[in-house]
Every structure is written in C-alpha cells, then in structure tokens.
Amino acid sequence: MFPGSGSSTPDDETYNIIPVQNLQSNHPSLRYPEVRAAISALSDDSNLRKPSCGQWHSSMDLLDWLGLFFGFQRDNVKNQREHLVLHLANAQIRLSPPPTVCDVLDTKVLRKFRRKLLENYTKWCSYLWIKPNVCIPNSSRSNSDPRTELLYVGLYLLIWGESANLRFMPECICYIFHHMAMELNKILRNEIDENTGLPVMPSTSGENAFLNCVVKPMYETIKGEVERSKNGTAPHSSWRNYDDLNEYFWSNRCFKKLKWPINVNSEFFVTSSARKRIKKTGFVEQRSFLSLYRSFDRLWVMLLLFLQAAVIVAWEEKGYPWEALYDKNVEIKLLTLFITWSGMRFLHALLEAMSEYSRVSKETLGLGIRMVLKIVVATAWVYAFVISYGRIWRERNKDGQWSGEVNNRVIFFLWLAFLYGLPELLALDLFFLPFIRSFIEDKNWKIFYLVSWWFETDSFVGQGLREGLLVNVTYILFWVVVLATKFSFSYFLQIKPVITTTKQLLDFHNAEYEWSEFFHNSNKLVLGLLWMPVVLIYLIDTQIWYSIYSPFVGTAVGLFQHLGEIRNIKQLRLRFQFFASAIQFNLMVPELPFNSRETLKKMLKDSIQRLKLRYGLGRLYKKIESSQVEATRFALIWNVIVTTFRKEDIISDQEFQLLELPPNCWDVRVIRWPCFLLCNELQLALRQAKELPDAPDAHLWSKISKNEYRRCAVIETYDSLKYLMLKIVKISPGEHNILDYLFREIDEVIRAGKFTQVFKMIALPQIHTKLIKLVDLLLEPNKDESQVVNTLQVLYGIVIHDFFRVKLSTNELRQMRLAPQNPAAVVGLLFENAVELPDFSDKHLYSQVRRLHTILTTKDLMQNFPINLEARRRLAFFSNSLFTNMPRAPLVNRMMAFSVLTPYYNEEVLYGKEQLQIENEDGVSILYYLQTIYDDEWKNFMERMRREGMERDDEIWTTKLRDLMLWASYRGQTLARTVRGMAYYHRALKFLAYLDSASEMDIRLDIDLIDMDKCFDGFNSQSSSSSTNLGRRSSLNLFQGDECTITLMKYTHVVSCQKYGEHNAEEIMNLLRNNESLRIAYVDEISTRRDKKEYYSVLFKYDQQLQRAVEIYRVKLPGPFQLGEGKPENQNHALIFTRGDALQTIDMNQDNCFEDALKMRNLLEEFRHYHGIRKPTILGVREHIFSGSVSSLAWFMSSQETSFVTLVQRLLANPLKIRMHYGHPDVFDRFWFITRGGISKASKVNNISEDIFAGFNCTLRGGCVTHHEYIQVGKGRDLGMNQISMFEAKIAGGNGEQVLSRDVYRLGQRLDFFRMLSFFHTTVGYFFNTTMVILTVYVFLWGQLYLALGGVQDSDLRNDQNIRKALGAVLNQEVLVQFGLLTTLPMIIESSLEHGFLGAVWELLMMQLQLSIVFYTFSMGTRAHFFGRTILHGGAKYQATGRGFVVHHTSFAENYRLFSRSHFIKAIELGLILIVYALYVPVVAKNTFFYIDMAMTCWFLVLSWIMAPFVFNPSGFDWFKTVKDFDDFMKWIWHQGSVFAKAEQSWERWWYEEQDHLRTTSLFGKLLEIILDLRFFFFQYGIVYHLGIAAHSKSIYVYLLSWIYFVVACGVYLVLSFIRKKHEAKKHIYCRLAQFLVIVFGILFIIALLQFTVFKFGDIFTGLLATLPTGWGLISIAQVFRPLLQPSRLWDLVVSIARIYDILFGVIVMAPVAFLSLMPGVQSMQTRILFNEAFGRGLQMLKIISGIKPKKDLYGPLDLRKASEADSLAKQADLEKES
C-alpha cells in the first residue's frame, strides 16, 4: 500500500472523478445524461458470448468482457473505463447541434473518436499493405453496431494502458492491436477453433495474461538492450534503443518472425551476443561530425558550390561578379560546379553506406543493393563529368580557340548536367505544387514507392511534410533575403580580398622561414592558414545573418498580433474603459443557437467586432454604464483577479481597495471604476470648473466628459455624497428634508442646463475642502459628533450663502424648502440633533466611504501603481492579451477537457521551519533572503496575517507557521508553487462555470453580497446552499448546476512522483488534501517471496468526504519502469492516469496565474482551427521567466530565455513553420500523441533532451506546432553561475546527441530546402556554428602564430592590406558571436516590442554595464565545449543543477573542477598564443588597427573565460575568502583520497572522472583527440629556433636537441620523487640534500652555458614557454593511452606531472583574482554589478553577502518595517525605472 493510504476502501466507494461502477451513487456527475449515456453504452453486453476464463457478473460491461477474455488487469480495466466514459461524455456534451436524445450515446461521437484513436494504426496497415482488422464500414450512413466500435476503442485503450514501456513504441502497439483485434473479430463472429472444436479463445487469457505473455517478453528485450548500452556509454551502434525496436514493426518481417501468439524464441528477443540477434533497425547512430553532412547535405552543397563559384569569378578581379561572366573561360570553369556537386553526392552515398552497412541482412537485402547502386551511380556521374570537362579543355587547347567542336562538347556537358539536375527540377516543381507532393507522399501506392525508392530511404514517418503554397512563399522570401545578404557579404568582404594575396603567394617561391622547412619553396601551408578562417566563417555566417534578420521579422509578426500595445499602467488607463467589452467578447460565451457552426460569415462578424473592440469603434463599445449586465460580470471577474493578487501578497490592502471595482450601490448612476483610474480626476474637474466659471453647462460638461474617468468621478462623487449625507442625517421634516430638497434643486438645475448660471464655480473648492473634512471625521474610529455637526453647518452655510449666484433671502429659502419652515421649532443649531452616525461595524458602508475619501483627496497620477513590479506586469499582460486575436471561449461544459502532467523526483515541496531559519556560511537564511528580495511582498504578507487575526509578530513562527512556509515556498521553485499555479485552472473553470449558468439576478445579488476574499477561498470548498454561495443555480439549469463536478470532468492535475514515500511524503499529502483536482501517481515497489520485487503504477487522491487518502488504481508493471532517461519514463508511467482531449506538460519549476487560467478555454479552441493546411497537434504557449529579479546573472539568463520563448518561438511558428516542442508548457493533442509514442522519447543518452524529440516526432508524423502569446505560464530558471553552466552543458550535450539521431537525419532529408535551413539554424546548427566560431578563433590565432614564428609576416605579408581586410571581416563577424550580440539582439528587439524602444535601449545599456558581454562570451565557451565533446566522445548526461536560491560563495576548488577543462585551460592556451605572438610579431604589424583589434578581441575572450566564474560569484573578490579558497584548493590537490573518495574530496578522483569520455569513445575519437593534442608541440618547434643558443641555425637537430630539456626535467623529477618516497619518512635530510644538489647543478649548468655558448639568460623563460605546452600535450596523449600505460610505472609519472600542471593552472587563474581582491573597492563594485537590480529596489545585498544584518526582530531575521532607508531607495529606483 502507498504511504498514508490508511485502510483499504471498498471498490464501490473508490473512484477517481466519476463513480462509473456505481450508478446508484448520488454523485452529481451521474446527473449528466451524457455520462449516463456513455455508461449505458458500455453496459450493453447482450448477445455477446460470455468469457469462460472468469466469473461474469451482471454488473460487468464491455471493458470487463475484454478484460476477462484477453487477460487484462482489473485496475487497468477500471482506469480505462473511466477514461473512456469521461471522454465520450465530454465529446457528446460538445456536440453542435446537440443530439435529440441526450441519454443515448451518439454514433457520430463514437465514430469520430474511433477514427482518431486508430488513425495511426490505419496508416500503419496501409504502409505495410495489410488489411486492418477493424471491421467497421467507414461510411457515416452505415448502421453498424456501436458496441463493435466500443470494443475496438476499448481494446486499444486497454492495450495502451497496460503496455508500460512499450508505449514508447507505437507501431509495436499497432502490431499487438492488429492481432488481438483479429481474435476479437473471431469471438464476435462466434468462430470455432479447428484444433479443439470449441469456440475460439484468445491466445492470451487468464489473470494478468496480457502482461505476462505479451508485454513482459517485449519489456525484457528492452531491458536487455539497455543493459548492453552500459548505462549509455556503449556506442549507439552496438545496442537497440526504443526507436530501433519500434521500427522493427515498420516492415512485414515482424509478421514472419514474431508471429502470433508471440514467438519468444524469435531472434527479435535475443539481446546477448552469443546468439544471432537483430541489430539496429531503421537507422544507425554514428558518433562523428560528418553526421551533420549526412543529415544536411543540401545545405553544405549549396555553401560549397557558391564558394567555388565565387572563387572562380573573383579570380578575374573584376569590379562586379557579373562582369567576369562575359569571359568564356570563366563560364567553362563554372561547369566544374557539377563535378563538385557529383563529388559531394558520392561522399554522401559513401557516408550512408559506411553508417548503415550493419543493417544489411537477408531481410534488408534491398537496402544493401540501394547503397551499392547509389555509390556506383555517384561514381559514374563523377567520372562522366570529369571526362567530359577534360575533353572540353583538351579540344580547346588543341584548337587554340572556342571552335564549334569545343562548343559541341560544351553542349554535351550541359546535357549531362541537365539530366543530372532533372530530379531537382522536378522537386522544385513539386515544391510549388505542394498538394501534389503531399498526395504522392501520403498515398502509399507501390508505383510511388518505386519512384521514391531511389531518392529516399523507406520510412513510415516523414511523409507529407509539405506546407501550403502561401506559407511556402512567406518562408522562401525570408530565406531569399538572408541568403542574398550572406552571399553578397561573403563575396565582397571575405573571398574577393583574399584572391590578390593568394595570387602573390602562389607566384612567390623564395620564402625564407625561421625554422627547418619540410616543404621547400612552397607557400601552400601559408595559403591554407590564410584561407581556413575565411572559409570557416563563410560556412557558418548564415547563422549570423539569420540571427540579425529573425528578430525583426519576429517583431513584425508580434506587431500584427497586437503584442505590446499595453505596456504600463498609463496605457492601461487608456484602454480600461473597454475592458468590460473585451472580457465579454473573449471570456464570456455569446448566446448562439445550438446549431451554430464556424462559418465564414461568423468569422467575418467576429473580426469586425474584434476591430471595434480594439480601437473603440461603434456605439456598442464606447462606454458602459453600471446598469449593463456586462459591467456586472466584468466587475465580478476583475474583483476575483484583484483578490488573487492580494492573496498572493503582490498588492497591499490599500492597493486592493484602489484596484477593486465595487458593486453598484448608493444609487450611483455610472460604473464605479477602480479608484486608481479616478485618482486626481475630481481635482482636474474642479480646476476646469474654476477656469470656466461662466461657460455654459454644455461646454463645461463636454470638456469634463472628454475623459471618461473624469466624467464618472464627478457623477459618482455627487451621487455618493448625496446618499451619504442623507444617510447620516436622521429622517425628519427638518434637516433631512432640507438636504433632500437641496439635492433636488441641484438635480433640477442640472437637468435644465443652468448649473453654471445658478451656482458660482469659484465656491466649489471651498465645498470640496469641507467635504473632505466631513469624510475624514466619519472615518475616524472615535467620532466626535459635534465636529460632524459643525462641518455640516459650515457646508450648509457655504452652499446657501456662497454657492448661489443670486443671494437668496430667508423667505425664498423657506419657499424652496432650503431652510427650516418653523425656526421656532428648531431646538438649538441646525443639524445639532439631526445627525446619526453609522456603526463602525458596517464594513460595507465604510468601505464605500473610504473610496469616496480616496476620490476626493488623491492627487497622485498613479503612474507607479501598484508598487510591486510583478503586479504591474501581470495587469499589463492580461489587459493586452484581451485585445489580441484569440478564439471565442465556449461554455465550460462544452470546452475541451484537459489534464496537466508534472513529473517530480526529489525537489523541494515546501520550505520547512528549519530550512527557513538555518543560515549559510555568511549568516544568511532563506527567509532573510526572501524578506530582502521581496520586501514589499513581505510587508503585504504581514499585513494580511494581522488582518487574519495575528496579534503579535512572533506568532508567525507558531500559529501562522504554515502560512509563512507557504509564502516562502511560493517564491522559490518548489512543487507547492507549481501545484498552486495549476490549481488556478480548477478555480478559474469553477468560477467560469458559475458565470456561464448564473442568471443576471444571481450575478447582481452575488456581487452585492459576496465578500471577494471568502468567495475566492470558497472555490476550493464544497458547494453549500447559502444565499451568497457561487453555487446557487437557476431552476432552468438544474442538471448543469454543479460547478465543482463539471470542473473535475474538464480538468485534472497529475503529479508523477517517481519515488513517492522517499521524499517529502507528508508535504505532498498536504498539497493533495488542499487541492481537489490534484492526483498523485507513483511507482510502488513491493518485495515478494524469493527476493523478487513487483512494481505497480499507482494513482491516489485525497477523499474529502472520507478525509483521508484513497488508492484509486494499481496497475502492475513488467519490471522497473526506468529503462531510459528518468523524466520521460516518469511521465510515461503516469500518462495512463491523465484525462481529456489535451495534455499540458508542466515542469517542477513552473507557475501559473489565475487571470491566465481564465483563458485556457480560448487556447484549447485552437485545436479546432486550421493553421495552414493542418490543425495543430501541439499548442505552443508563451513563458514568463519569474526568476530574473534576483541578480544580474539571473536577469541575463531570464532575458535570454524570454526572447527565446517569445520572439524566437513566434518566428519559428510563423512564418518559418518549423517550431518544435522546446519544453514546457506546451499543450498536446493527447489522443494524437498517445497513439504515436507519447509526449517525449526516452532512449538512454540519445534522448537526453527528451522534450524536443516530441516536436521532432510530431513534425515527422504530420503534426502541426503553433505558438500563442495571449496566455502564458511562469517559469523559473537557474540563478547561479555554476547552475547556469551545468544547464547549458546539458542542453549542449543534448544537441550533440541530436546530431546523431534519426529524427534530425530524417527531418534534414525530408523537409523542403528552406524549412530545412530553418530547422538547422534553430536547432543543432546553432550549437554547431557556435562551436565553429570557437574553432575559427583557434585556427585564426594558430595561423597568426605560425606566420609570426615562421617570419612570414615579416617578409611576404608585411604590407598586404587585402588579407587584413578579409581577416578583419572574419574577425568582426566572430566578434558579433563572441560578444553575445546575436544573443542580445533578439532580447532587445523583443523588449522594445513589449516595453518600448527607450526602455529597451536602457536595458541594453544596463546589461552592458553589468558585464553581460562577459557572461555571454563565457556561455559560448560552455556550449562549444560540451557540444563538440559529445559528438566526438559522447558523455552527455543529465545535470542536476538544483533550483535553490544562490547567494552563497562558490569555492575556487569547485569552480576549478567545473570550468578548468571547458574554459580555464583553453583560455590559458589562447593567452599563451597571444603572448608568444606579441613577442615575435614584427614591430610594423603591431602598429596596425588589425593587430589592435585582434589583440583586444582575443584577450577579452581569454579574460572572460578565466574571470567570469569569479565576477559572477558572490564575494568573488573578498580577500579573506580568496586566501581560504586557495588553501582549500591546495588541500584538494594533494589529498590522495581512497577508493570511495568523491571528486569533491580528491583531485585524483576528479582527474580520472574527467577522462571518462576517453574510455568510452570510438577509435576515431581517440585518433582525433591525439591529432588535436599534437598542436601543443608546435610551440616548442617554433620557439626553439628563436633561442639565442640556436644561433640562427635552421637545422632540424635544433628541435630534436630541445627535447633534452624536457627529458632532463622529467629525469630530475623522477629522481627527486624516488628519493622523497624512499627517505622522506625516516631520513628527511637526504631529500633536502638531493634538492640542494639539483639546484646547485642547475645553476652551474646555466653559468656554463652562458660562459661557453651563445646562450642568453632570457632563453630560460623562453624555453619554459616552449616546453610547458609540450608537457601538457604529452599528458593529454597519455590519457588517451591510459589502458596501456596504467599498469606500468610510467603512469605514476603522468599522474604526478598532471597534478603539477593543475597546480600551475590554478595559480595562473587565481593570480588575477588575488590581485583584484587586494584592490580597494573592487569587492563592492563586484557586488554592485552582480546585484545591481536588487540594489535598485533597496535590497541591501551587500549586507546579505557580508552577513551584516540589521537588528533581528522577534518574528524573523529582518524587520523590514524599520528599513526606512531601503524603502526610500526602492521608491527612488522604481521612479527611475519608470521614467
């Protein structure tokens, strides 16, 4: 049993959402006729043969029938029964028009569902040319038995629900279903078994027969292959992953080999090497960079052909390229493009054969034939082109001119070229006729197969990927512009300038080098070094131009989508008056007839209405008054949203009152806008009246009414004062009547239009002042009635004597009833005994009085309102989203049902008391940190706690501890925050369901009576019959009235706890208890007899009636569920418990907002609309990164991520049509995906970036991915430098594995050319090009070093401006990438769209001042290192970054372990190159701009890679921490450790772990590693010839003799090591003596060299520069040969020298850190840079880092009420930011 389950619960009481098995239950869901119809349809088992392998009961249904016949598990049947009933009921509710008989299942619903569920099976049968075993006519007019369809659907769902890991293999499930459906047909036809003479029985029957006989053998095969993978370290080609096993079912051999019942002796199930086994199927992943060429050969063909053409044309050195085309020689030379093209085709065919040869067998002989033929034909074409081209020139040289014979040969060559390019021309024609190509690809006809067999490998997926013609044109135009720019730049600034230098070097044969030459009188190597960086940057700069154009196109798309129209509160005020209409249009359901459908007329009408709404056109949307129903609904929705803000503590009580839209009361004639809109408007109206004292009423009122809020403020103030003053004066013939007639007189004057004629406008300020005083007196807790009376008397006097233009006599006043009729009857002064002050307990009245006081007194324009930036952002986004294009929302009961799935491992659920209080090394606790970061929210929280009954602040740790823990957890990346965010869906749907069915009277009563705070809390409770309950229903909708039930039918949140019970079980149970829609799924591991274990997928919930957790389903698994990557396996096991048509994937670091949850109905409607030629299968959703305010580092990451999830995804979806699934929170078409392999892939290592493979799979299988930005979900990101680097390492490694995958290969081959370009440059191409940029820097610097040390720059290239121009262009393009400008550009463009241009410029400036350029340069190195290493050697793995708050200091040893190989050593290498280059480059070259530009750029790269981990490390330049860090580093270096030591404890253990990738790499990877390490020997070769002792000799012996230096050094080290080991313990003096002798002999040797040779003292240091890289190169090579060297004693020397090198590297890295730590003010500046935003908000981060905290208060580490200085800083910073 699961933890916390309590006692067992009877089956008839245990249910998930609907008690399907108990129709007699009083559950509200059973009142729905659609639910009863679905249950009744399943219960109809008449005339069916009863199963003989189990006991049949009359209460059983069709699924029980299938379960007994085929041996499905009982809980699987229960689960799928509810699954099926829920879906059919929801589908029937959505029918339009509704069926005439609601309690009978409509056949259209069932047929549509069956077709969708079995669509992939039908395609699979068509692909294999077999007849489906679904014996139902496709005609909608056929009268087939609905039970048959139910049986097919139920059978598929039962198979899928029990298939466990087989769910990743959709065609395997198709195979199983195909045979089981065949057996089902035999049973339905009552066939007799020929062998037994008895009725046919399934091949699998009995208890758990399906699991044991079908699933288990397949599972054991998967498990065996995973064991062969050696945890993913074995080569991919040596074991079968999920895709290989699934693709075995893409051929008919599965029927021949596996058969049915499954033949477990088939070679398919063999996993050991001892027997014949099936190898890779469909594709072989080969670890090589050539995989990029293999997948994207068309891209490289285009680039290389243009490069060749550009060189040929530029060689003529004409002004413009077309000028050279007039030369016949050039034209003929261009024909060589076809030779190159055919050669590249040959290379591709050869790569295909080398990669796929292992797949060839007897069954796949056609594949082998095809590969051989491809190579032969490609070779023939190369030969034909070469021979034909040679014949042209031979004849040309023979004739001496372009004779007729030569032209004939040219024509022959052109005919060959035409034939060669004919398939491409045909493909081009089909590209512009996409419907024809889609028809050919979709139809699996044999004639089409034979035609395409030559050009494409046979594959079940990848067919019909074409888009519509209009879509094609849009992304073609984009890429035409990008490529035109790229090729123009490359020709004029890269290729053409190098041509002149190339010609000079080719003609120069007397080059003199400073060293021994291997190739005499040849400049070919120099030419190669000059051309290589040019060619490399040419090959990758398409990415640069794409990155420049894409932000502008994405922004243009965003503008058309009306993003960024409301950016701040000022713009919100301008649009707020249209809010009610916007909400009514988008969120409220129009009253349409049941038979309404999506017609062109309706779409046009909606577009016109949306246009009116957006721009305020037409009478309907000018303004709304309080009497309108839409105003009432709007007020209710708005107030619930504001209440959410208050409960989240992002606004205060005062801000809540300013934002609240109060109900209509006090007879106010206009809508009562929120106070923040009316503030200062009354003051401005008074000023206008004072400035126009004699203007006619119409003129003055028109001036006031130009502003809607001002008009409403005047009317509301007057009506409120009228009501209030009559309220506080007792009803009597005296004073009350006087006031009544006074207001009547004013009303009459206003109606007559004589207000300014009768009254003096200059008296209004006096009246205004006294009214403020009156309201102030009424709001005082201890009211002084006499002062109220005096104020009323003064007001009366001003109005009677000063307000009327004509002074009225006493008699006239009495006649007008404005004075007492009988003065003698008045006792005392006027109003003295007439005032009756209301009781202060009347909260409703006093809330209105406070509102009146706000309108009367406030002069603030509310530009910086609310104070909290998150509240402002959410208000602006929600308001803007209502004016974007979104589908109309349906009724809640007619919306698509959906689920949310959240995988959970062992992350934080809820911060406990100890976690909040415990302090780190700097004395900072989590609570203190949160109080400082979220200071305003902490104040709001404490204010709310006091309002809810907390009397003393220390109660926060006792009675309010739970609230404190939740407050802190909701600001971290915890499961509690995610669950709360997803619970908003439940609350929003419940609220919307109420609005859908509530009558106008209900809404009016509710908004008048409901306390919004209690109302919102009530969404989580059971419905009551209270008159103020939102559950109150109209009698006309009795059976549709339970909001809770319909909400549960439409929404479920499943959290898949991989190891529930091991981590935070109690806190998870608390979440379950407080969230009605939440379900927990986990894998239960139970020990049985004989030391065996059984595994179950378990689902449980918290039963509100039983007040305990109850287990709902327990489905047995064939074994441990995690065979592949953990996260997708975790999702897969819980997927069977999700419900609905759609599935949203939400990760553990995500959040949601109530106001966005209101728009979920709109988003789901997108599944019904076509986007291009397809309906979407994945709805991409925008994300908001909520973790960007913590530090500048988090800000950089947040901004980068924001641009990626908004602008980039927007562009990919439209117009590029290549958006994939890049993670959460996308919404999946659930049934489409569960029949096609699930929502992710799980193969070990290969699918480490599991999310994106869902997008790959979706596109390959004909799906459509869209992107929508009117709704968003929050997302947290990593906050610290190390966390971010590990995350980027995971992403880069995942992309490296993607390069090798079959999905990328098939997309690269099957997509049209331009979509392929988009796909490449937005996925693996981005990481490849980043790696190539780093490689270009290496090649460039090594080339320059070669030229400097060889003396070439001092002779051949001294004054060559052309080469500097070309290399300068290369350098400038490299700078664009290196400095992160291509990353920054999309961020700034997107920021300008959503926040304005000036705000974006300011953001850019601030980012640069906070050294974002250092961060992006460092990140580029991370991506390049791990991407390249993964492709060459593998080793990609999931990096557990952690999602905690990062304010602690990271030690130097930890930074060194993480960054030494990826950044530090590479930076030291580049720095050494720059130093040596500076020493030996000619003086003339140093004075050029090219040298300065190169030095600054490259040194910046070096310093960024070394210093970034310390610049962005809290207390990174604190001297005491620096000293401590270095001591810890040295202890770690020398710590020997044990066998069980961890890398954090021992250098040696870490050093071995860093070599793990070399142990598992291929032979090719090892050879390439050795070749790359040979570069370190060049330092020694180049420098030794410049030593003084070399005496300008160029003999090779100089280099060979220089190795003596290294050999002697190693010998001395060995001798000293031997003596130390032997005598250090007992005879320490011997060690000292040996060291002394070495020093003495060394000094004597140096003196001898100085005396008897030309040796110079500087040669010592120069020699060190030469030999140190050589030593590192030898160590690196020795690591490759570790298996051979480790048994020998030489390995100890390698380890010892490696330790010394790491000490040296550590000292080099630590040196600048130590220097800066000594500098005064550097630490403060670094803290300011790292936490600048925090400082701007008054966060006092310097105190946090240094641990200097203010005086502790009773309730926590920090009393923010006393931090007045911080408050003032925060306000000032907010004002600056707004300005």
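Using the three backbone atoms N, Cα and C, a Cβ is placed for every residue, glycine included.
Keep in mind it's a predicted model, so treat the numbers as computed, not measured.
From the options 301-316, 525-540, the stretch TrEMBL describes as transmembrane segment is 525-540. At the 8 Å Cβ threshold, with sequence separation of at least 6, the transmembrane segment (1693-1719) lacks contact with the transmembrane segment (471-493), having fewer than 3 such pairs. Each of 412-435, 1326-1349, 1596-1616, 1636-1654 was scored by its Cβ pairs under 8 Å to the transmembrane segment (1464-1483), and the highest score goes to 1326-1349. Break the domain '1,3-beta-glucan synthase component FKS1-like' (147-263) down by DSSP state and the numbers are 77 helix, 2 strand, 38 coil. The stretch from 471-493, 525-540, 1489-1512, 1636-1654 that makes the most Cβ contacts under 8 Å with the transmembrane segment (1596-1616) is 1636-1654. Sequence-distant contacts of the transmembrane segment (471-493) (same chain, at least 6 residues past either end, Cβ-Cβ under 8 Å): 306-307, 310, 313-314, 321, 431-432, 434, 538, 541-542, 545-546, 549, 553, 1172-1173, 1215-1217, 1312, 1314-1315, 1317-1318, 1365-1366, 1369.
The listed stretches are 372-392, 412-435, 525-540, 1395-1418, 1636-1654; of these, 525-540 has the most Cβ pairs under 8 Å to the transmembrane segment (1326-1349). Beyond its flanks by at least six residues, the transmembrane segment (372-392) meets 332, 335-336, 338-339, 342-343, 345-346, 348-350, 352-353, 406, 409-410, 412-413, 416-417, 420, 454 of its own chain at Cβ-Cβ distances under 8 Å.
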